[in-house]
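Marked as transmembrane segment by TrEMBL: 6-24, 36-55, 121-138, 144-165, 177-199, 211-232, 244-262, 290-314.
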Amino acid sequence: MKFFKIIFGIIMSTVCFYLAARHIDFLALKESFNRINICWMLFSSVGVFISQWIRSIRWARLLKPIHPVTNLKSFQIYAVGNMANLIIPLRGGDILRVWMMARHLSENKSPILATLVTERLIDLIFFGFLLGISLLLYPLPQWITMSGIMLVVGSVSLGALLVFLKVKVISLNALWKILGIILSVRTIIRLQGIVAGFLEGVAPLSNAREYVIFLIETILMWVGQGVFIYLLFYSFGFTETYHLGVNAALLLLALTTVAITLPSSPGHVGTLHLMCVISLEICGLPTTEAFSYAVVFHALFNVILIILGIYGFMGERGNVNFRLKTLP
């Protein structure tokens, strides 16, 4: 299974990277790199640090109804998981952080996994909001529009299903009866326990204030990532040369979210490059300029994740055994 995941990731990266780079002019690419303003590039990285910190605080808020956890501990585990995503295909780092948090809290993995799913669903719904704004600003390719609509509809549907199961509007009794024909009673009982544990993680926040704070954290998280994208325009001089502004940053934020959020290749290689190039070409940039931005975006973003991941690892190494072979 691991072998097929690796092969899938390599194929995904190769195809997407080829599509992103097939029309570039290497001489012009070198010139574009030479024009980079390092100060603006470093300044833009602050947005990523802020975004990642707020993401971890938001995760701690989702975990609160299950088991309270400090913001620092949430950040350390979140950072290690993100760093692992750069190596493990199909966002395996997310599974690692579920495992680490379960070990830290001495809790079942299922409810913690549910907080991760909730986190992703909310992000994809916000992605739909950004995509809607982008559709008003730019003529997006139909395949991007349809893919975005499918993601949002799927996210809302799955979210509604989880809520209905949680409040017992929908029952799984019929499903258990069907599965009982082909599975043993012991297996059915085990599956029921996993589902019950998962639904335990789909827990409401304690009061209205918590929901307001959660919404603010989500908005600030997206703003931080948008600031990174926008300030990086200044590093390349795109704000003057191509008059890129907030609208372009919103489009890039929406499309790169797909590359970062969805399971794909390790380190978002190829997928992130392709989405960057598509976004910036829509904004009127030549392919080579768009690709140079994609390379720096990808490298800087991943370097920051590695720095934060190392910090998280140093904070966790005394408490958690990082032998991946023990992961389920």
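In case you wondered, yes, glycine gets a Cβ from its N, Cα and C as well.
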*Other than its close neighbours in sequence, what residues sit by the transmembrane segment (144-165), given a CB gap under 8 Å and a spacing of at least six beyond its ends?*
114, 117-118, 120-121, 124-125, 127-128, 131, 135, 172, 199, 202, 254-255, 258, 278
*Considering the transmembrane segment (290-314), which listed stretch of 6-24, 36-55, 211-232, 244-262 counts the most C-beta pairs under 8 Å*: 36-55
*Taking a Cβ cut-off under 8 Å, which residues six or more beyond the ends of the transmembrane segment (121-138) line up next to it in the same chain?*
145, 148-149, 151-152, 154-156, 158-159, 218, 222, 247, 250-251, 253-255, 257-258, 261, 282-283
